[in-house]
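Engineer: Take this structure, written in structure tokens, and hold onto it; I'll ask about it next.
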Amino acid sequence: MAFTSLLGSDAERKVAVAEVALRAVLCGLGALAAALVATDTQTRTFFSLQKKATYTDMKAMVLLVAAAAAAAGYSLLQAARCCCCVALLRTSIRPRARLLLAWCVFACDQALAYALLAAVVAALQASVVAKQGLPQLQWMAICALYGAFCRQAGAGVACAVAAAVDAALLAFLSAFNLFRLYGAKATTTT
């Protein structure tokens, strides 16, 4: 059974377009989140002593920048792969090679979604502590002192949340692309 006959060529094209679009959005959101957080800095003067706040002061933000940048780079590479594979699908690709590629994409998409989600959750937790403080440990809310820093970091975290949602949608789509190949195999054997 041909790959295109399982969904039909029009439905397959729509799935491929959706995948490329989701990967492009993830690339943009990941790059934007990484850029917003990585370039975030604010300097304040306290009694003639200058204190500078940067994203490296919070290790969760460093993790977020790394995860968002990795997501942007990975999604750019995968978008290029999608464009190349659409051209290759018109030719004959062995089913075993197609299945191996689908498994690799599925595993990488799952790992990316979980890693990005973990980084976003850690950054959100650190942001809540920065915004509200932690009176039990006598940690003050630093957003009262570094307002511009917190606003830009908040915008970066918001972009990262949207990127994590996009990565989860891509994980679902790659699972669909993988398991529909097993559906085609099951229908040919019966």
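Note: Cβ is positioned from N, Cα and C throughout, glycine not excepted.
Not measured: the values here are computed from a predicted model.
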Engineer: Is it the case that Swiss-Prot assigns Cys83 and Tyr182 to the same side of the membrane?
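Structural biologist: According to Swiss-Prot, which assigns topological domains, Cys83 and Tyr182 fall on the same side of the membrane.
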Engineer: Tally the residues of the topological domain 'Extracellular' (122-152) by DSSP class, grouping H, G and I as helix, E and B as strand, and everything else as coil.
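Structural biologist: Per DSSP, the residues of the topological domain 'Extracellular' (122-152) fall into 23 helix, 2 strand, 6 coil.
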Engineer: Any residues 6+ beyond the ends of the topological domain 'Extracellular' (38-59) with a Cβ under 8 Å from its own?
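Structural biologist: Distant Cβ neighbours of the topological domain 'Extracellular' (38-59) are 65, 123, 126, 130, 142, 145-146, 148-149, 152-153, 156.
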Engineer: How many of the residues that make up the topological domain 'Extracellular' (38-59) does DSSP mark as helix, as strand and as coil?
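Structural biologist: Taking each residue of the topological domain 'Extracellular' (38-59) in turn, the totals are 5 helix, 12 strand, 5 coil.
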